[in-house]
């Protein structure tokens, strides 16, 4: 048995998310099917660094698995890419120590969120951005994002119904950059972990701050109230990218 | 009755081409359905500058139609956009003289073709580029494209089976530009008219010239032989964009 770590990019549009679900096309399902083809039927279980929802993209998702055989990493990369559909690309393959686990070994993650600002949805970006046609004062968002840095209770920013009790997370970086050529706004969040829907809720709240519908320091109030109803909005899945996982 | 000219962009991925076909989702079909909604059921026939195939995109397709009513152009733009799906955007609406016809009044067209050059297909560009992973000497393509300028018989570059007898067309511009940031190659062709599949065949032939599998001046030979079998390849629809129609 050999232990592999693979880094991959995918367009989440036509997947029912990362995690295997019966009768649905999922990223994990496609990966495990390809591996079973390589092993001539021996099932291989793939661990991902975390789930991504339907429509959410990845620029650097990480998976790990134990493979019944000993293939050099470059051959694993080639073989897996030859079995991938056009919406998944394997970027890197490495042989790693047995105790490496894509999820449990992860120390941090970086997410990116693209917001298209045109009046109408751009047909060519509708699957790859969230759309916000209202006026924005980006300097207000920049100011607000500074309040996220550090260790906070993100109860107000987690989709309800989750099983995770500890909602304290540490954010190392939270930035927004204007890309005037594309009329885009790009958010990046780097932290030790993220709750379900957390990035999409943070983006929706940031946009309301930028639009003036919330106080610039509303994040501080939201940390204190610990109430999901107060943050409300969730930015669409199409703008979200899992950019990098840190080990 | 008022005569309108509309300019529109669309992502061709989820359309069975521009032209109406029974039981298929087409651009013309979506436009005519939206107009019938505005007229409360009176059918409106839309003329396009030309067809685009399934998967082919438009950055500036032009349509014209006679509308039973007198709506200011900005209101027509807003009303039509509010009825469009996310993969069509109306860019401009104008009221034009009665004798304007999107197809018959067209004096020329400009097409763009994007080629992705990475080793593997990029998941995020697979619907918006053709893919060519082999080595290319772009200066050979630049040289070859100069042979296209002028008036030529494009019989070798037309999909067989068409009803058009006159295959002489004039090309005013034929260029290729490298976009190293995206690892892309962008072709542009501007001419008085294009035969069915002509741009996609010109691109496929250009790539074979760039790869060294054809002589740099093979276009001149192909003009003379007038034989579609000699040009062979057709670049995929996903890379092709109708960029502009000139009147």
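Backbone N, Cα and C define each Cβ position, glycine as well.
TrEMBL does not curate its annotations; it predicts them automatically.
Taking Cβ-Cβ distances under 8 Å and a sequence separation of 6 or more, the neighbours of residue B:53 (active site, nucleophile) in its chain are B:12, B:17, B:18, B:197, B:237, B:240. Residues or ranges marked as active site, nucleophile by TrEMBL: B:53.
Long-range neighbours of residue B:111 (substrate binding site) (same chain, six or more residues apart, CB within less than 8 Å of its CB): B:188, B:189, B:190, B:194, B:199, B:240, B:241, B:242, B:243. Taken from TrEMBL, the feature substrate binding site applies to B:111.
Summarising the annotation, TrEMBL assigns domain 'Pseudouridine synthase I TruA alpha/beta' to B:9-104 (among others).
According to TrEMBL, the domain 'Pseudouridine synthase I TruA alpha/beta' annotation covers B:144-247 (among others).
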Open item on the list: I'd like the per-state residue tally for the domain 'Pseudouridine synthase I TruA alpha/beta' (B:144-247) from DSSP, helix first, then strand, then coil.
Closed with: 37 helix, 31 strand, 36 coil
Task: For the domain 'Pseudouridine synthase I TruA alpha/beta' (B:9-104), mean pLDDT (0 to 100) - done: 96
Task: Helix, strand or coil at residue B:53 (active site, nucleophile) [DSSP, three-state] - done: coil
